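Chemist: Below: one structure in structure tokens.
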Amino acid sequence: MLKEAVEEKKKLVQGLRGKPWPMKKKLVTLRESQEFVEKYEGALGKGKGRKLYAYKVMMSKKWMKFQRDFENFKTACIPWEMKIKEIESHFGSSVASYFIFLRWMYGINMILFCLTFGLVMVPEALMGRPYGTIPRKTVPRAEAPSAMDFAVLWDFGGYAQYSVLFYGYYNNQRAIGWLKFRMPLSYFLVGVGTVAYSYMVVIRTMARNANESGVGDDNSFNFSWKIFTSWDYLIGNPETADNKFASITTSFKEAILEEQESRKDDNIHLTRFLRVLANFLVLCCLAGSGYLIYFVVRRSQKFALEGLETHTWWERNEVNMVMSLLGMFCPMLFDVISALENYHPRVALQWQLGRIFALFLGNLYTFIIALMDEINLKREEEKIIKFNITTWEASLYNATGSENSTAPPVTFHPADVPRGPCWETMVGQEFVRLIISDTMTTYITLLIGDFLRAVLVRFLNYCWCWDLEAGMGAFYAPCLPALNVLRLHVSMYLQCWAVMCCNVPQERVFKASGSNNFYMAMLLVILFLSTLPAIYTIVTIPPSFDCGPFSGKKRMFDVIQETLESDFPAWFSKVFSYASNPGLVLPFILLMVLAIYYLQSTSKSYKEANVDLKKKLQTQNEENKRKNKLAALKAQTDLEEARAATQTAERQKNINASLQRQHAEEEEDLGSSQRKNGRPPPSVRHQDGRPPATRAPVPRTLHPDTHRSLGYLPGGGFPQQREPRMHRVPSLQRH
């Protein structure tokens, strides 16, 4: 019995928080239960096992305390958790969702940075050839005087260009250092692995959101739940209480807006016309921005052929600045156009994100197409330089050989050796400049124009574009993940400050979407489209002949075949070649497509069944509500009828009592008057000598269907009286 009592007290302590009791009663019950458990728990062991049992109890308590402290520690280790909670309490879940997404992107870029930094940059810096030993790791003699200028370094030229930050610095030596580290293989696999990891994270997040979205809806008694269950009675900090109060207020605003939007009824024809007009205006903006970027890129190529030293700073950075300005002002224009459509705020947010996604993706592809033209020009220049270098080396060899065949070969400093243009480094530099100019434009906009811009528009400008450059640029500039981590870290603090100090909540605060698969699907499309140019350059364009880890190969992926032939047995290479045969790859891809189609169809059927089940549950819930309402109305009607019958019986009883009193008083008055005259009261007899019949008092009976109410009739609700019986009284003696 004692053990059962201890277990019961433990269960009471665990479920005490959900009890609908006053706080004082909860605290008293908690204190008494804890004292009881501490007093009698150690006494459950008997004999020799008592100490062992006490030790087990103590260790279980220690383990529970450790788990609780570890959970608190994990919560405290979540970056920017309290800042995001504070923003959510003042601005709603829609604004907080942006910062949650920003933190998620920060974690992904941190992992990508660790892979690139640990497997590419650090091995090359520690085990590769040092700076100045080969031409690709040396600043040319003509560029050396200005290699440390700030303007040159700001454009990632000079010493920054000839460093581990860019593709051209890495040597094509197959193994480096005493560890025999396979640098070309590591560079290729890290580039492929970062893209694969990004895909895996996005798809896993979509799958988790799909599982969570299957939970039942929370629309039933929404306001009642918010009123009675929103407050946390364990809050003891005034600042936390203020934040919780603001959060509850914001949640009510969100729920009221959701209810208003669900009951809105507008003119459908006018709404359709305005939405078509808005989409037409957006398409015009997208086409104009694409043409403008293509124009400035071709103009910058013309400036590059003429020599950038003769042009101004704006002309040298015209492409990056135009793309940044378009990314800053076009979303504001989209927001103005979206006012015509009259969508729900959440739907308007999705349309706004889709348009910004189209803007940035169109600008990026226009930029890449222009870069492809420049890559073709660099390749033509590379062919000419390669031919000139071959001719120069042959003439130099013939000249030295004809003069003295025993003389040592002529050596040149790496800075004096001619070299090709290295189009891979050029692509990496362009993307790094783009991301730097985009970041600077964002920060300047936050610091200068934050008072004039709305919170939502500013957030949407850069919400889905953190990794557009990483798809192609990260392969040719290993420093891009590090730059992304740095700017995301700074952006979190800067934008948190801007939101809390320079903005007020919007008038129409709306709740964020319960399922983020729309945004994750958009991010997946962005990731796929941004990796297509990188895949195209890796598969189709030959690498440069004198820079990068893949120089001297026909294609970049040839490093895989080289590794298989050199480091693996011959049979493994043969198996891999058979497995990569298109005759096997194409059926495998077809099988995967069929499996995906089957799983998608199965998922769709499950979703439809889930929707049908929800409808059935909702119908059953409504039917139960209707039955309960009818039962309540019937009970109320019966109660009113019973109350009316009781009141009628009481009135009839009072009337009978008053009549009896009146009759008794009349008889008493008559008797007293006759006694005064000296005559007894005359006895009334019938002709046959019988005395008159008198009405005897009749007891009332209860009907079995009257709910035990006195004198109740089920039909009319009138008091019931039995037919009076006639009693004979004995004849009075004659005087």
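Glycine is treated like the rest: Cβ placed from N, Cα and C.
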Chemist: In TrEMBL, which of 184-203, 444-463 is labelled transmembrane segment?
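Modeler: Checked against TrEMBL: transmembrane segment maps to 184-203.
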Chemist: TrEMBL tags one of 157-179, 318-340 as transmembrane segment - which one?
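Modeler: When 157-179, 318-340 are checked in TrEMBL, transmembrane segment belongs to 318-340.
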Chemist: Please work out the mean pLDDT for the residues of the domain 'TMC' (472-513).
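Modeler: Looking only at the domain 'TMC' (472-513), pLDDT averages out to 77.
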Chemist: Same-chain Cβ contacts of the transmembrane segment (184-203) under 8 Å, 6 or more residues past its ends?
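Modeler: For the transmembrane segment (184-203), the list is 108, 111-112, 115-116, 119-120, 123, 170, 172, 174, 467, 471, 474-475, 481, 520, 523-524, 527, 531, 534, 549-550, 556-557, 559-560, 563.
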Chemist: Within the same chain, where does the transmembrane segment (575-599) have neighbours whose Cβ lies under 8 angstroms from its own Cβ atoms, ignoring anything closer than 6 residues to its ends? I mean 6 or more beyond.
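Modeler: Sequence-distant neighbours of the transmembrane segment (575-599): 564.
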